[in-house]
Amino acid sequence: MKLTINKNSAKWMQLPRDVLVGHGVLEEIGDVCRDLKMKGNALIVTGSTTNNIAGKRVSNLLESAGCSAEMVLTCKATKEEVEKVMEKALEVETNFLIGVGSGRSIDLAKLASTRLELPFISVPTAASHDGIASSRASIVDNGRSTSAQAQAPIAVIADTEIISAAPFRFLAAGCGDIISNYTAVLDWELASRLRNEYFGAYAAALSRMAARVIIECADSIKPEHETSARLVVKALVSNGVAMSIAGSSRPASGSEHMFSHALDKIAPKPALHGEQCGVGTIMMMYLHGGNWQEIREALKKIGAPVTAEELGIEDRYIIEALLHAHSIRPERYTILGSGLNPSAAEKVARITKVIN
């Protein structure tokens, strides 16, 4: 039998080479750098709060390991801040970057390192979303939140002692981001059937598995428990791997994420990304004809928001976000199709008890 090879089917997948999850693993950052042959000048990208939580420790540990460490403090995930990080990296002749934070700093390090063609290490201080290990970065450009393609971290060092000490709201938001995989994969399957879009069964299965684990363990995810932090971090890393395998954010981002991004634009005070995605998943699962009650119950058990009131967002903004969600990424086909009308948007929000 003759084997025919399609040369155009090759795909480049970037995955983290070292992933450390556990109590006190931050102390091993020097060993990770040696293992990955990373030496010379490191640039630590962090915020003022996360610098006190872990940034200064990372700097001291790197210097003890024979690396010099410079630091740049950031405040927002904007295009201008990416340029600021890049300028600092060039100024100090950086060999690699380290993002230390709950999301913003990691995304900035991710984008800056990608553009500079330098490796970067992800050191999350909270487990609030799957950006800690993915090849995607959320950035604000001209006042609009966008998802940009970048490189995956060469290593992830997730110290559960630090992560479990963060406000539990962040961990609960991370659970919402993971559970949203369910509707993301359903949207992906729909696009494959109706628009002949590429569908990766392996990436989809990995994504679904992460969501299923969180739902089945919802009762045991508690504040200040390192076992809870470890469980959520591993699922978030799985999300990042699934996206890298797929070559897009499809396994972990669908209509529920478009709803969240619409809320970011519309609501005066948006909630956390993962919180909004969790609520969006309840409604999008209803539209898919799936078990939205299971999603809602799991989020409630964890302590994540399931209503507009719990998000701190007025009902009218929920409806408006539902009406505009399909236009956030018009090239990405989802259950929202060409959009909901006002009556349908209100109906889904009321039936799923997101609004009263």
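Keep in mind that glycine also has a Cβ here, set from the backbone N, Cα and C atoms.
Record check, Swiss-Prot: Zn(2+) site residues include Asp177, His273, and the candidate from His225, His257 also listed there is His257. There are 30 other Cβ atoms within 10 Å of the Cβ belonging to Ser105 (NAD(+) binding site).
For the pair formed by His257 (Zn(2+) binding site) and Ala126 (NAD(+) binding site), distance between Cα atoms is given as 20 Å, rounded to the nearest Å. Cβ neighbours within 10 Å of Asp107 (NAD(+) binding site), excluding its own Cβ and spanning all shown chains: 28. Distances between the Cα of Asp177 (substrate binding site) and those of the binding-site residues Ser105, Asp107, Ala126, His273 are shortest for His273. Nearest Cα neighbour of Asp130 (substrate binding site) among the listed binding-site residues (Gly103, Ser105, Asp107): Gly103. According to DSSP, His261 (substrate binding site) sits within a helical segment.
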